Amino acid sequence: MVRICIQTPILLSFLLVLLFFISNCFASSQNNDDDKRIRVRVGLVLDLGSVEGKIVRSSVSMALSDFYDNHNDYKTRLSLLVRDSHGEPLLALDSVVDLLQTEGVQAIIGGNSLLEAKLLAELGEKARVPVISLNSPMSLSLSKYTHLIQATHNSASEVKGITAFLHGFDWNSVALVLEDHDDWRESMHFMVDHFHENNVHVQSKVAFSVTSSEDSLMDRLRELKDLGTTVFVVHLSEVIATRLFPCAEKLGMMGEGFAWILTSRSMSSFHDQFIDDLTKEAMEGVVGFKSYIPMSKELHNFTLRWRKTLPVEEVTGSEITRLSISGVWAHDVAWSLASAAEVTRMPTVTSTLLEAIKESRFKGLSGNFQLDDMKLLSDKFEIVNMIGSGERRVGFWNSNGSFSNRRQLSSTHDNLETIIWPGGSAQSPKGRSLRESGRKKLRVLVTSSNRFPRLMKVETDPITHEITIVEGFCIEVFQASIAPFNYEVEYIRWLNGTNYTKLAYALHSQKDKYDAAVGDITITSDRSMYVDFTLPYTEMGLGIVAAKERSMWVFFQPLTPNLWITSAAFFVLTGIIVWLIERAENKEFQGSWPQQIGVVIWFGFSTLVYAHREKLQHNLSRFVVTVWVFAVLILVTSYTATLTSMMTVQQIRFNANEDYVGHLSGSLIANAALTNSSLRAMRLLGLNTSEDYAQALMNKSVSYIVSELPYLKILLGENPGHFLMVKTQSTTNGFGFMFQKGSELAPNVSREIAKLRTSERLNEMERRWFDKQLPYTTDDTSNPITLYRFRGLFMITGVSFAFALAVLLILWLRERWEILVNSVNIYFSQRLRHFRILFTRTIHPSPLGLDNPIGENAVQMAQRNRR
């Protein structure tokens, strides 16, 4: 017994030493394995002071831990380098620059806002490093970045779901409530366009910022209520939403008959710690769209383990209560990065980290992970109903464009469970349906000066003073633009003259009386302070019109003097060259010198009309004439076209009264333009109608008329052929319709005007009311043809003439070659003999008298005579 007791401590000591040795060996081997592993550095830039930042950080860390527990044999390890951006895009940018330069990170996770995503994407493009953005809004401005990966909501699918939801309840008129920030405005543009394409009328659109006061919220909501709006689509963050809904409840807008729909981006920004009991109570009955992540065993287990890893103070303080969709995306993104890092380290793989991420395929917590056009999109949405302090799921919006619910319980909406609306009613609000509530009356002020009836004509009953006729180009455009919105229009005559700035102020100050104004109203900056203008529906700018002046010498103007002289010289040169070629054999080119000169000139100029009667016998002369006739054809054709243009629109010449300029009486626009240095005049003459314009120009009371283009088009249309638009300047903004400040009709009508313009209907209206084609201007007149423009033509002709002369010279030399050779030989032999004699006498001088060959010959002759 004693022996056993003695041996037991020894045995235990031995076992402890053995275990210690084994553990050290295992640890050392593990450390050796860790040293052999390749570290891939990844930057994680988040707002660590926000709930989303904390969720994403913890989710990424836990995801990497799980990944390498499951893949312990991998040779790579992601090393997270976390930086706090404090919610500031510039701090995030600075952090990423530091990570790239000092740490050499190979990927970046960050960029939750639109601006932050753009900044980080720019760096990613230059450094060729993938940037993964979580929950940043979809935007066309981000599509150009090839190294940016987005995990976000599918905005297109969501907008289709909201539109189908509205149509299901027969709501075709809504108000949009959004946050005045780039992130929220950007994603709202697609929604507005989709609503318009699907006949959902956006009655009003209001924007709030985080700095908006409660009074501002109340005032804007009260305006919406006064408009009769009952259906609202809300797209803003929880910071504003928690203040908006209590204000709406105070105004009675969270009761029966109202409907509020929250977008998925708004719903994903809600966290329990920001929503107090008052806000939860006010939001009862609100319907929201949320990106749907199907619950799975893996997601459930991960969420439970994730909550256990959170600090105690965050769990007990209810700061973080659930894993957000950004946290789920962060988990899957971390797995794809870890998998891609391992793939790129394989010796047989040449893919970059970005390419490996794009090719990643696995089943993650959010479902099947697969990038589509550099995006990980959530295109299925669950529809929740805010009840009490929580949410109740009432159905799903599927990517195939249909609604469904798990219980298959029917409600007032197909395939959705029963919704409890604001006020506690299960009966769906009727909304502001124009088909049910009838046509809304639109009270429109119309200008009634009747100075240009083709633009605007208003007639009233002399007894009742009620408007009996409203017509004109402006009215037709307005009626075509407002027709899609099914308004009953009530026209009200404006009786205070042509001061349309006062008209704008009246529309602004008397909102209870007027909704819009129509007429020949120019868009100006001072008027836009009071009202909202539509797009211009007329041409923009001023024009100058003057009377045409006929010229008796217009036929000289198509060609410049240099071209006239050069053409005449080539006509004569053609005759000379043909005469040189034909005169030896052709009798028609022979005769006395006066006759031959006449033939040369006649033949050259007769080619102008192809009327030369002389028959050519030499092919060389035919070649010369063919080339020149081609040149003449081009000259004549160009001359005819230019002369036609000049006779259609002749240059004008102002009359002697250069100090008189006509303009529309009372037009502030024309008066302001005439003070410009380019249109300055000594004296102005105010005119009232198009008839006054025409009479003043015809009797030369004014030199020209300066007015806006629509007025001048009417003048030219009523007096075709008498006047000419000399010049135009884009110094005005054209005519537009005026609406109340903030009215949604202004952008909607602008969109209809754009459609009228692109469909050519607007041009048809102009032709019908102005009764003419587009006016000719001096800009339409062709410039005279210069010699420089035809230098190539004359170069070709000159080279052809030179070639013909060269051939003629060669033929002449060949015919007279023997005679020329003999003459040359005789000439050179005589010169050689004289040279030899001169050379001989220079070397051996002769006796006196003998050095003169003439003297020598004389002596010899004398001797012969003696014999």
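The backbone N, Cα and C atoms fix where each Cβ goes, glycine too.
Copied over from Swiss-Prot, here are the features:
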| type | residues | note |
| --- | --- | --- |
| CARBOHYD | N301 | N-linked glycosylation site |
| CARBOHYD | N400 | N-linked glycosylation site |
| CARBOHYD | N496 | N-linked glycosylation site |
| CARBOHYD | N499 | N-linked glycosylation site |
| CARBOHYD | N676 | N-linked glycosylation site |
| CARBOHYD | N688 | N-linked glycosylation site |
| CARBOHYD | N699 | N-linked glycosylation site |
| CARBOHYD | N748 | N-linked glycosylation site |
| SIGNAL | 1-27 | signal peptide |
| TOPO_DOM | 28-560 | topological domain 'Extracellular' |
| TOPO_DOM | 582-590 | topological domain 'Cytoplasmic' |
| TOPO_DOM | 612-622 | topological domain 'Cytoplasmic' |
| TOPO_DOM | 644-792 | topological domain 'Extracellular' |
| TOPO_DOM | 814-867 | topological domain 'Cytoplasmic' |
| TRANSMEM | 561-581 | transmembrane segment |
| TRANSMEM | 591-611 | transmembrane segment |
| TRANSMEM | 623-643 | transmembrane segment |
| TRANSMEM | 793-813 | transmembrane segment |
>> On the 0 to 100 pLDDT scale, where does the topological domain 'Extracellular' (644-792) sit on average?
In response: 74
> Where else in the chain does the transmembrane segment (561-581) make close Cβ contacts, counting only residues six or more beyond its ends and a cut-off under 8 Å?
Replying inline: 589, 596, 599-605, 607-608, 616, 618, 620-621, 624-625, 628, 631, 635, 785-787, 790, 794, 797, 801, 804-805, 808
> Measuring Cα to Cα, how many angstrom lie between N301 (N-linked glycosylation site) and N499 (N-linked glycosylation site)?
Replying inline: 74
> Out of N400, N499, N699, the glycosylation sites in the record, which is closest to N748 (N-linked glycosylation site) when you go by Cα distance?
Replying inline: N499
> By Cβ distance under 8 Å, which residues at least 6 away from the ends of the transmembrane segment (793-813) in the same chain are close to it?
Replying inline: 566, 570, 573-574, 577, 580-581, 620-621, 623-624, 627-628, 631, 634-635, 787, 820
>> I'd like to confirm something. Which of the glycosylation sites, N400, N688, N699, has a Cα closest to the Cα of N496 (N-linked glycosylation site)?
In response: N688
> Taking the glycosylation sites one at a time (N301, N499, N688, N699, N748), which has its Cβ surrounded by the most other Cβ atoms within 10 Å?
Replying inline: N748
>> So, three-state DSSP: helix, strand or coil for N301 (N-linked glycosylation site)?
In response: helix
>> I'd like to confirm something. Which of the glycosylation sites, N400, N499, N699, has a Cα closest to the Cα of N688 (N-linked glycosylation site)?
In response: N499
>> For the C-alpha pair, I'd like the distance in angstrom between N400 (N-linked glycosylation site) and N699 (N-linked glycosylation site), rounded off.
In response: 73
> Taking the Cα atoms as reference points, how far is N699 (N-linked glycosylation site) from N499 (N-linked glycosylation site) in Å?
Replying inline: 30
> What is the Cβ neighbour count of N496 (N-linked glycosylation site) at a 10 Å cut-off, with all protein chains included?
Replying inline: 11
>> Taking 10 A as the limit, how many CB atoms besides its own sit near the CB of N400 (N-linked glycosylation site)?
In response: 9
